[in-house]
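Undergrad: One structure follows; several queries about it will come next.
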Amino acid sequence: MSETAPVPQPASVAPEKPAATKKTRKPAKAAVPRKKPAGPSVSELIVQAVSSSKERSGVSLAALKKSLAAAGYDVEKNNSRIKLGLKSLVNKGTLVQTKGTGAAGSFKLNKKAESKASTTKVTVKAKASGAAKKPKKTAGAAAKKTVKTPKKPKKPAVSKKTSSKSPKKPKVVKAKKVAKSPAKAKAVKPKAAKVKVTKPKTPAKPKKAAPKKK
């Protein structure tokens, strides 16, 4: 039996690696500014709570916290803020401390501060109404602009009138020139040159001599 030679196997080709895609760096996000909490600040809430109370001796810290909690303010988390707000209001002169020292005590609204608070409320309302009215003006101005824009395409009509009138002028001028030119040619007649004819003078005939008498 004839031995069959083993068939050589082709060298294993290594699979091509796909080109590594470059990682695109994402742009760093800009630091988002912290949003201020919507609504009045702690000091404003304290002033409102003290002004609403009818106690002549002043509002205690416990009573103030109750009124703030009823308004929906988180008293437990913002306990330190309430104390700082009370101290700052006392230092500014908006609140007067009738009893105790520091944050622990009773507080009453200063009469001068009451007049200032009323004026600030009026100015805030006026600013809010002015800000609300401004967008109406801009909307009206935008409407006027949109109305005025379609009037511009009417201008080409004037150019059509001028173009229709312009060809009439050369026709009139040409007609006049053609009418005048033959008249001039007829009026001018060439003058014939006058030639003077000199007549030849005939010689004088000799007179016959008279016969002499015998």
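From the backbone N, Cα and C atoms, a Cβ is placed for every residue, glycine too.
Worth saying up front: this structure is predicted, and the values here are computed from it rather than measured.
In case it helps, Swiss-Prot gives these features for our protein:
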REGION    1-43  region 'Disordered'
MOD_RES   SER2  phosphoserine
COMPBIAS  20-37  compositional bias 'Basic residues'
MOD_RES   LYS36  N6-(beta-hydroxybutyryl)lysine
DOMAIN    38-111  domain 'H15'
MOD_RES   SER43  phosphoserine
MOD_RES   ARG56  citrulline
MOD_RES   LYS66  N6-(beta-hydroxybutyryl)lysine
MOD_RES   SER67  phosphoserine
MOD_RES   LYS77  N6-acetyllysine
MOD_RES   LYS87  N6-(beta-hydroxybutyryl)lysine
MOD_RES   LYS92  N6-(beta-hydroxybutyryl)lysine
REGION    93-214  region 'Disordered'
MOD_RES   SER106  phosphoserine
MOD_RES   LYS108  N6-(beta-hydroxybutyryl)lysine
COMPBIAS  116-144  compositional bias 'Low complexity'
MOD_RES   LYS121  N6-acetyllysine
COMPBIAS  145-179  compositional bias 'Basic residues'
COMPBIAS  186-214  compositional bias 'Basic residues'
Undergrad: So how many of the residues in the domain 'H15' (38-111) end up helix, strand or coil by DSSP?
TA: 36 helix, 15 strand, 23 coil
Undergrad: Tell me which of the modified residues LYS66, SER67, SER106 ends up closest to LYS87 (N6-(beta-hydroxybutyryl)lysine) in space, Cα to Cα.
TA: SER106
Undergrad: Taking only the residues in the domain 'H15' (38-111), give me the average pLDDT of this model.
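TA: The answer is 80, the mean pLDDT of the model over that range.
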Undergrad: Inside 10 Å of the Cβ of LYS66 (N6-(beta-hydroxybutyryl)lysine), count up the other Cβ atoms and send me the figure.
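TA: Around LYS66 (N6-(beta-hydroxybutyryl)lysine), other Cβ atoms within 10 Å: 14.
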Undergrad: Could you check which of the modified residues (LYS66, SER67, LYS77, LYS92, LYS108) sits closest to ARG56 (citrulline), going Cα to Cα?
TA: LYS108
Undergrad: I need the CA-to-CA distance for SER43 (phosphoserine) versus SER67 (phosphoserine), whole Å please.
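TA: Cα-Cα, rounded: 13 Å.
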Undergrad: If one measures from the C-alpha of LYS92 (N6-(beta-hydroxybutyryl)lysine) to the C-alpha of LYS108 (N6-(beta-hydroxybutyryl)lysine), what distance in angstrom results, rounded to a whole number?
TA: 13
Undergrad: Round to the nearest Å and give the CA-to-CA distance linking SER67 (phosphoserine) with LYS77 (N6-acetyllysine).
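TA: LYS77 (N6-acetyllysine) has its Cα 15 Å from the Cα of SER67 (phosphoserine).
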Undergrad: At the Cα level, what's the spacing in Å between LYS66 (N6-(beta-hydroxybutyryl)lysine) and LYS77 (N6-acetyllysine), rounded?
TA: 14
Undergrad: Given the modified residues ARG56, LYS77, LYS87, LYS92, LYS108, which one is most crowded in terms of C-beta atoms within 10 angstroms?
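TA: The residue with the most neighbouring Cβ atoms within 10 Å is LYS108.
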Undergrad: Including all protein chains displayed, how many Cβ atoms other than that of SER67 (phosphoserine) lie within 10 Å of its Cβ?
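TA: So the number of other Cβ atoms within 10 Å of SER67 (phosphoserine) is 18.
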